[in-house]
Structure formats: C-alpha cells, structure tokens
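S.K.: Encoded as structure tokens, here's the structure I'll be asking about.
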Amino acid sequence: MLGILLQSNSSLTSDQHLRTEDPMKQRSPMDAQYCRPLFLLVIIFSFTHSVTQAYDYTDLGTYPLFSIDCPKECVCPSSFPHAIYCDNKGLKEVPHIPSRTWYLYLHNNLIESLKEESFANATEIKWINLSRNKLSNKNISKSLLKSLKSLLYLYLDDNDLEEVPAPLPESIEQIRLARNKISKVPEGVFSKLGNLTLLDLHHNKLTDSSFQADVFNGLKSLMQLNLAKNSLKKMPPGLPLNTVQLYLDNNNIEEIPKNYFNNIPRITFIRLNYNKLSDTGVPVNVFNVTSLLDLQLSYNELTAVPIVNGHLERLHLDHNKIKNINGNILCPEVVKEEFDPHFPHGPRLRYLRLDGNEVQPPIPLDLMICFRLLQTVVI
C-alpha cells in the first residue's frame, strides 16, 4: 500500500497509450554474420569510384563491391551480400531479382504490379518489403506469392489491396496488410498457414461479413492478431488457440460473447479501446481469465468496473462513464480465501487508469487493501 503513485490525467498527453500504431516495428532479420568486418582487397576501377560517389552507403556498412547481378535501380552493399535495396527509387515495376537475394526492400515506390518473371531466380528469398506502393489484387500474378517457398516475412502495408492476397506460401510467418482497402478475406486463405505467427490487418474496411466462422482455421501458431481500425460490430469468430495479443481498437464492437476468451487460454494482452462496449455487452466474468495480464477498455461506455482475474497487472478504464469503484466487488474472489498459494501477496494489479470518468480522489481504501501491489493510479 505504500509508495502509490497517484497521477492526474493532465500528466498524460492525449491518447498517449492508445495509439493504434504497428506494435512491432519493422526489423530486418539480417544474420549477425553479415555485420562482421570484411577485409577485402579491392581493385578500384575508375567507374566504381563514380558509383560510390553517387550514393551514401554510410548506413549500410562498407562501400559495395561492383556486382554484376545487382539490378541497376538498386543498391547491393557488400557487407550484406544477401540484401537488395530498391526502396525510394520511384520504381513502377520490380526489377529482376538475383538468386542470392534473401532480403528485398522495395518500399516507398510506385509499383503497381508483381510479375513472376521478376522473381524467377529468387528461390531463397525470405523477406520482402513492398509497403507504400500502388499494388492492387488484380495486378499481382496469381501464383507468384505461393511460389516463393522460402518466404517468411511479407510487408504489403499502405497499398491498394481490396482483399487478402491469395494463395500465400505455407512458409510465411508474418504478413502485414495494414492501411489498405481490404474488405474481403477469401475462403481458406489461411487454412494452410500453420507457421504464421503475426497477422496485421489494421486500418482496413473489414466488417463482420468479411469473416466466415472458420476463417482462422489452420493458424495453429498465430500469436498476434491486429484488426484495429476496421468496422467490426462483433468480436471476430473462432480465434486461434494460441493467440497471445489481440488488437481490436477503433471498431464499433458493442458486446462480447459469454466465455469468449476461455477458448484462447494463452491470451495475455487485449486492446478494445474506442469501441461501444457497455455494461450489458460485457458478461460478468468474461475478463476473468488467468492468462490475461494487460486489459485496455478505454473510451467505451462502461459505468461499472468489470470483474478481473487476480493475475491481471495493467487495467485501462479511462474515458468511460464510471462513477464509483467498490473495492469489495472488484477484488478477485480468490483474495477472500485466507491462504491461497497462487496469490501469496494478493492480486497482481500494478497499474490502474481511471481518468476521464466521474471518479474523484481519494482512492477508496478497500481498493488499496485488495490490490496491495498497486503502484500507479491515474485518476
């Protein structure tokens, strides 16, 4: 109970914790072996000098060697022999990609189509970044993506796609499709993607009718699902068993089915900010899940604090319609048992945000007695 940090809402910038940005920044999985210094004897021709003067390679390691298979529109640094940098070149089509390519950067261009001949030799490609182009479904060769049998990471954010591209390679582990115009998810598109761990579809035009009941069948490895900033009124059906992080911010969701999260026993992080959830749309124990550590329900229409499990560590309830807090009701039932081996120090809640409601300081004493590990309350 000692050392509680009580913050006013003025100490937080607007929406500081609610931005629906990509939760995982794009990181190249470049092997560390390519970062070791290369001690090479280079015969410098006069024309190679002019090439090194034309580009700034300071961020790519050493100056590149002349490579006969490097597309003329791209940069092929010798320190990263499996990487091809063709980003920010104003390209309208993909150049022919050499067979040694593992990592291909094509973001920030004007590319409208993907053709099989461009990737005919790229049989070992693992990472493709095509974000911020002008790609549409009709201009992507039907069998191209499926033919890239080593592909692990595919970035197609900020394009003109209207449906999830299909078919996809069974090897794929992450696919990012944020900020497109996607309203359709083809039947069976995910059925054979057993290696997929991350699916990002946030900021599209998805509705409840976009999903069939078995749409996520086959995603046995999926851990992160981002459907924020769409037009959903219902919770997505049949979430994969291993889902850990679920992003549903900025939809129009009004209710959650009873026992909804019991079917995903590893769920740890839930964001339902900026929806239309009211007390009647939240079943009594729907969030009473032992795996849940972080629950965000900001900017909804709740008037009461939902019951949570004693394992929960962070609870965001700001900007609802909550008028009072009853610690005896909120306190997990397990705490009322005098000697519980799972909660030797009581519930684990450490952070509670309540600003933007009708709750006024001071913090209720019964709340402090229950949540003895509570460190920060924003009110």
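The backbone N, Cα and C atoms fix where each Cβ goes, and this holds for glycine too.
Annotations in TrEMBL come from automatic prediction, not curation.
These numbers come from a predicted model, not from an experiment.
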S.K.: Pick from 1-25, 126-150: which range does TrEMBL record as region 'Disordered'?
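M.R.: Residues 1-25 are the ones TrEMBL records as region 'Disordered'.
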S.K.: With DSSP, how much of the domain 'LRRNT' (69-103) is helix, how much strand and how much coil, in residues?
M.R.: 0 helix, 5 strand, 30 coil
